[in-house]
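Q: So that we are looking at the same thing, I have put the structure below in structure tokens.
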């Protein structure tokens, strides 16, 4: 009894057959182990090229077993073939055509779906990259840096520096608004106190001006006295002549209105 299970038929299924392998080549190799009924190499219905496998049918099952035992994993026509017993009867050309059509339809449908999926993913990636580039360009064109007048190149600030700058501006504006509100909300008492302090300072300045004028007058009188002291002493004749001239001028002034009355 053979170590292989006896199949219902005497056909061997041969895989990994070379494309240029002919039925005569397989018949020559397998015919060494017994008489062969048929050798069938299926061809593609549309391309008319070998499909990569073949069927070899023996007359006796024992010859098929010997061929399987000796030729499995052997090199034939440049390929390492694999052999096992075929399951079921040999299919007719019409059955093979229908099977090929189903496989072609399913494969083409799968390929179409795969292409559609890939194209959608690529288009989505393109849209995403375009939207990113648009957002980047929009931010660059409408950023406050570009609104400044062109001149010397400024050093680019980082995000943290910009945040600090904004925070400083906000705090400065808040302090301004608080100072304005405080100045507006000052009570009337403070205004009165300010006016009183101003009047007091004004009176002080007046007092100081009076004292300055007095001191100036005193200093002037002292200066006159000192200048008189420094003058040389006059002679008696000069003083007498001056007194006489003064008395004459006085008498003339008194006589002038009387003469006008006459």
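Placement of Cβ uses the backbone N, Cα and C atoms for every residue, glycine included.
Just so it is clear, the model here is predicted, and its values are computed rather than measured.
According to Swiss-Prot, the record shows the following:
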- 116-126: compositional bias 'Basic and acidic residues' (COMPBIAS)
- 134-150: compositional bias 'Low complexity' (COMPBIAS)
- 165-186: compositional bias 'Basic residues' (COMPBIAS)
- 194-207: compositional bias 'Basic residues' (COMPBIAS)
- 209-234: compositional bias 'Basic and acidic residues' (COMPBIAS)
- 252-262: compositional bias 'Low complexity' (COMPBIAS)
- 10-88: domain 'RRM' (DOMAIN)
- 23: phosphoserine (MOD_RES)
- 106: phosphoserine (MOD_RES)
- 108: phosphoserine (MOD_RES)
- 129: phosphoserine (MOD_RES)
- 131: phosphoserine (MOD_RES)
- 133: phosphoserine (MOD_RES)
- 158: phosphoserine (MOD_RES)
- 160: phosphoserine (MOD_RES)
- 116-262: region 'Disordered' (REGION)
Q: Using DSSP and collapsing to three states, where does residue 23 (phosphoserine) fall: helix, strand or coil?
A: helix
Q: Measure the Cβ-based neighbour count of residue 23 (phosphoserine), defined as the other Cβ atoms within 10 Å of its Cβ.
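A: So the number of other Cβ atoms within 10 Å of residue 23 (phosphoserine) is 14.
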Q: Where DSSP helix means H, G or I and strand means E or B, what are the helix, strand and coil counts for the domain 'RRM' (10-88)?
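A: Reading the DSSP string over the domain 'RRM' (10-88) gives 22 helix, 26 strand, 31 coil.
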Q: Over the domain 'RRM' (10-88), what is the model's average pLDDT?
A: 90
